[in-house]
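Asks: Summarising the annotation, TrEMBL assigns repeat 'WD' to A:62-104, A:105-138, A:199-241, A:285-326, A:328-369. The annotation domain 'Sof1-like protein' is assigned in TrEMBL to A:361-447. Under the heading compositional bias 'Basic and acidic residues', TrEMBL lists A:418-428. Annotation source TrEMBL lists region 'Disordered' at A:418-452.
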Amino acid sequence: MKVKVISRSTDEFTRERSKDLQRVFRNYDPNLRPQEKAVEYVRALNAAKLDKIFARPFIGAMDGHIDAISCMAKNPNNLKGIFSGSMDGDIRLWDIASRRTVSQFLGHQGAVRGLTASTDGRVLVSCGTDCTVRLWNVPVATLKESYESSDNSVKPLEVYVWKNAFWAVDHQWDGVYFATAGAQVDIWNHNRSQPVRSFEWGTDTVISVRFNPGEPNLLATSASDRSITLYDLRMSSPTRKLIMQTKTNSICWNPMEPMNFTAANEDSNCYSYDARKLDEARMVHKDHVSAVMDIDYSPTGREFVTGSYDRTVRIFQFNGGHSREIYHTQRMQRVFCVKFSCDASYIISGSDDTNLRLWKAKASEQMGVLLPRERKKHDYHEAVKNRYKHLPEVKRILRHRHLPLPIYKAAALRRTMTEAARKKEERRKAHSAPGSISTRPLRKRRIITEVE
Amino acid sequence: MCLQEMSEELDLKMEKYLRGGAANLEVLQDKKLKGQLAHRENLYGKSAKAAAKFEKWLMPSEGGYLEAEGPVEKTWRFKQEDIGQAVDISSARNQYDVVLPELGPYTMDFSSSGQYMAVAGRKGHLAIVDMKNFEVRREFQVRETVRDVVFLDHQLLFAAAQKKYTYIYSPEGIEIHCLKDHGTVLRLQYLKNHFILASINKFGHLHYQDVSTGASKSYRTGLGRTDVMRVNTVNGVVALGHSGGTVTMWNPNSSAPLVKMLCHHGPVSALAFHPNGHLMATAGKERRIKLWDLRKYEVLQTLPGHANTLDFSQKGLLARGTCSFAEILSGTEHYSRYMNHSMVKGYQIKNLLFRPYEDVLGIGHSMGWSSILVPGSGEPNFDSWVANPFETRKQRREKEVHLLLDKLPPETIMLDPSKIGTVKPVRNKEKPTKEEREAEMEAAIEDVKGNITLKNKTKGRNKPSKRAKKKQEIITKVKRPFLEQQMREPQLSRKKQKVSEEDELPKSLQRFTRKKAAT
């Protein structure tokens, strides 16, 4: 006879001393866990509900400007600092952690239209409607008292006066040049009082400019003649131009896929393009109900934030047609500029009501240092939510957002309009000779031509 | 060679953790979705492999076994005394008889980790026993009939079905609730994940009560008095065995049984579910024990013998008890004799229950309760997060909170719980359209036309006109079923049209429409 029975000694399965951790044994056999799928589903549902409960994205407003915020710039060298320029010529450096002004940069006579910081974060470049480009030394935030000193205004390092008013400025990601946009695109060097070179294509005003994060010599601009133009500094003339049906207010390159950029368009959509293939958009991001004023990619390249004339800020997935999140408050007016913070966890928006607003990038994220157990729990919740997000009950909870009434109505109206247009097109097609009318996809429809 | 064997063994183990095969992704058109699903399948494979490796190398204990050596020895000839001598002292302590002749017959229930046992004597004796050191934690006398006792898994509460009502007691023996609307309950079952206490009373009413909120529901079975009730732990469905030989399965959302199967030609006397949920054992008074495959509702095996009580162990051993004799059967597909145990003559076995995570079978009988060793019946490795036999009070409290957070709604009780979280399958295509039907007819005609072969008939009957006529006949014969169907369809639609015509007319003109003769 061979016989063995289960026999467990208590010593083996319990802790030795009361200070020890309790011993944990695992057995992953599915038979021990009846109804595991139902349990998982209930957990997903609870996670979705908890997500809603903890969704408090607004952290605080930063007031100090006395006119609408027109532009902002991140400091690549300092996570806490953000520059903002307003329509009355005031430029301020803010400390995000304390939400206070660190220093003011006084000098512009008219509206500040463009702000950018150099790669090392030491020099701030600003330009405005007073036809000047100003270079400033960024105060180094080392000591705490320097923040609190009474005289916190900074004098410009250089002032370059030029022929025309400026609309935008952007610094090369890796290099010494910066580009301004106005009547034409000018490329500047830090220590030359005149542009090194100028590009011109057409007569209309260029309203935004962005350098490519991967290829330092490449830049994209948009102009008020509804065009998006690509330039290469190594060539004597602009390389390509794309004309759309409506004006593009701002452009942002995807920092992780630097061949792709997204354009914030006046027709309330954002269009993601592949710079190598401009005849159709890769993706149309719809949801805003009024002109999109500014756009900024998260440093992760997985999502971007947009600010719109409809007084809301939205967050989109880089490959998602609709927004993941909408932020709005009663007091926030038309949003002119938005920025993702350099650690991808905050969003700063600047609006017409002279305030900068600080938001969380993930509305229900728990801020601060997480214990490993907490982080594990959050990861688990995220995973089950993701697994069951297609089921109606979970989807309903996850998708629901409270919208201000005007935006809700405007969105409904837009839906009816697009639906009507689609139906009309369909009927026209049905009643014409086969093949005589071709429908162009939305990704191509808003493009007029592409010029080489 | 050795490596290959090892990988084969791992593959076998992986199957359990994969929980079914992968979906067929080749039929998908959407490339993005296909990529995402392929990635997920890959992850499932990895986690299953990790779990299989864990099972192979990291499990702390091994399961028990009882094997005969040589051709003469048989496992069922071994007595409990032999086994008791062969195993270690701490295990041999699990063989005992508690003789309480006045208060029997006894029935019992184990907590889900096997840490505690509740016993109830018919004459009103209730006790909670700590199984680790065989210490009676609490013992009291309710001075009335107690028919059944069941552990509620939180705060060590337990429910007892007494003479008139069902009561819930705290582990200290304090009465917490009196559940009056259950009526005179014969049998109790507890659904752990749903916090539902199910009972069957003497009028054949099935009663569900949520013990965390108090919500309750009652259904008439309409099949008479019965005290055969068991829960299938895999899906939470309650099965009842009736005196007519039927077994019905219930969930709290429908007033009619989900399944009604005729299992025996005579009253059903006992019922048990295998822990994998696919296998059900039923015993009838007509001396048959049947094993059912619940996926096909088919008999897998019929065994002769009576059983007052049946129970499956965690590892799938089946115990049956009748009079003073208990038999344990083993097998995967085909069950056969594994062990026997005879009590003192005259003892009547009331209840058999395997203790979870131990190789122990508890026997409640007319003279008290006993416990015997059944090697290979229990799961050797417990999971601390599921059921921990060495649970401390703090751990238990934390687990109760988690249990409440994961409490399942009663809607999740269904026959196939894997349906939760899936989408409805696409409906079959509706009737073929007119064009499709016509095309089908044309095809059939063409098919016939191609191979008409006419016999050469005698002179005068082989004229071209006659031959053409014959051909036409064949074609009409082929056409006929299609045309007949077509005739049937438009009639319906014409009827519909008539009704709508009447509705569409302006009110003033409606009086001129043709009225039906009958009305």
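The backbone N, Cα and C atoms fix where each Cβ goes, glycine too.
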Asks: Going through A:62-104, A:105-138, A:199-241 one by one, which has the most CB pairs that fall under 8 Å from the repeat 'WD' (A:328-369)?
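Replies: Comparing A:62-104, A:105-138, A:199-241: A:62-104 has the most Cβ pairs near the repeat 'WD' (A:328-369).
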Asks: By DSSP, how many residues in the compositional bias 'Basic and acidic residues' (A:418-428) are helix, how many strand, and how many coil?
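Replies: Helix, strand and coil residues of the compositional bias 'Basic and acidic residues' (A:418-428) number 11 helix, 0 strand, 0 coil.
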Asks: Six or more residues beyond either end and a Cβ under 8 Å away: which residues meet both conditions relative to the repeat 'WD' (A:105-138)?
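Replies: Same-chain residues near the repeat 'WD' (A:105-138) but 6 or more away: 67, 70-78, 81, 83-93, 153-175, 178, 180-182, 188, 190.
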Asks: For the repeat 'WD' (A:199-241), what are the same-chain contacts with Cβ under 8 Å, counting residues 6+ beyond its ends?
Replies: 167-175, 177, 179-187, 247-253, 255, 258-259, 261, 263, 273, 275, 278, 448, 450-452
Asks: I'm checking region-level scores; what's the whole-number mean pLDDT for the repeat 'WD' (A:328-369)?
Replies: 94
